[in-house]
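Step one of this worksheet: look at the structure below.
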Amino acid sequence: MKKVTTSTLLKMKQQSEKISALTAYDASFSKLFDEQGIDVLLIGDSLGMVLQGCDDTLGVSIDDVAYHTRAVRKGVERAFVIADMPFMSYSTPEQTYLNAAKLMAAGASMVKLEGGRWLLESIKGLNERGVPVCGHLGLTPQSVHVFGGFKVQGRDDLQAEQMLEQAKEMAAAGIQLLVLECVPTELAGAISQAVDIPVIGIGAGAETDGQILVMHDMFGISANYMPKFSKNYLQETGDMRTAVSQYIEEVKDGSFPSEAHSFSK
Ligand code: KIV
């Protein structure tokens, strides 16, 4: 079994093979997802909402993410493992390096940071120190109070232009993957075409290079609510393994997300 690496993900984009991704927080689920053939697993700070029952992700600590990263890593043989840097754990480049080191030591192969231009120095510094970086633009949940709620981003032309520019700058600074969350399909497609790195969408339409869902949303068991962009695969299939393989199949053949799971301008 060949392990998925940053080179694999880049090749998948170049060969127009869609990348399938899910969040995971423990060894049992990461093993199940890995066995079904998921390409990427993210230890998301969404754990604050789906595991800890909070209204947002702001209370998650670096130790929380490191703890779950250690558990996820134990279940994985093939998938590429990314860990989220939580709120205020990457405010300065120095703080970023120290906290990223904790996640890499816990078993991550890449760290994910939310935000745009202000992260360029940290992205370069992480790369120079051997840490691959995933960017995250659009609805970045750690900024929920700045946005005034969990809202689609990039609907107006100026915001869309800024997002596109920031994606290009971050790619030039060295990110090797980009997550776009809750962005109109057309903008997500334009960003995916404008950068050479793979772009993975969540609520960003079918024109990105891959898709990610929070595992609890994909199983329809989230404590709080079911986002419009997600789909309950467990309800459709009746068992967890088939739910995961159907999700992967629909990502690969481009049938998920449909328009019903996407946002327009
Ligand atoms: O925290 C998370 O699970 C995420 C995904 C929604 C991409 O960042």
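Note: Cβ is positioned from N, Cα and C throughout, glycine not excepted.
Note that TrEMBL annotation is computational and uncurated.
Quick look at what TrEMBL lists:
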type: ACT_SITE; residues: GLU181; note: active site, proton acceptor
type: BINDING; residues: ASP45, ASP84, GLU114; note: Mg(2+) binding site
type: BINDING; residues: ASP45, SER46, ASP84, LYS112; note: 3-methyl-2-oxobutanoate binding site
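A count of other CB atoms within 10 A of each Cβ picks out ASP84 as the most crowded of the recorded positions ASP45, ASP84, GLU114, GLU181. Here SER46 (3-methyl-2-oxobutanoate binding site) comes close to THR23, THR57, ASP84, PRO141, VAL214: these same-chain residues lie at least six apart in sequence, with C-beta atoms under 8 angstroms from its C-beta. For the 3-methyl-2-oxobutanoate site, whose annotated binding residues are ASP45, SER46, ASP84, LYS112, the maximal Cα to Cα separation is 12 Å. LYS112 (3-methyl-2-oxobutanoate binding site) has a Cβ environment of 22 other Cβ atoms inside 10 Å.
Between GLU181 (active site, proton acceptor) and GLU114 (Mg(2+) binding site), the C-alpha separation comes to 10 Å. Taking a Cβ distance under 6 Å to any atom of ligand 1 as the criterion, the binding-site residues ASP45, SER46, GLU114 reduce to ASP45, SER46. In three-state terms derived from DSSP, ASP45 (Mg(2+) binding site) belongs to neither a helical nor a strand segment and is classed as coil. Neighbouring residues of the recorded 3-methyl-2-oxobutanoate site, listed in sequence order and excluding ASP45, SER46, ASP84, LYS112, comprise THR23, LEU42, ILE43, GLY44, LEU47, THR57, VAL60, VAL65, ALA83, MET85, PRO86, GLU114, HIS136 (Cβ within 8 Å of the Cβ centroid).
A straight line from the CA of LYS112 (3-methyl-2-oxobutanoate binding site) to the CA of ASP45 (Mg(2+) binding site) spans 10 Å.
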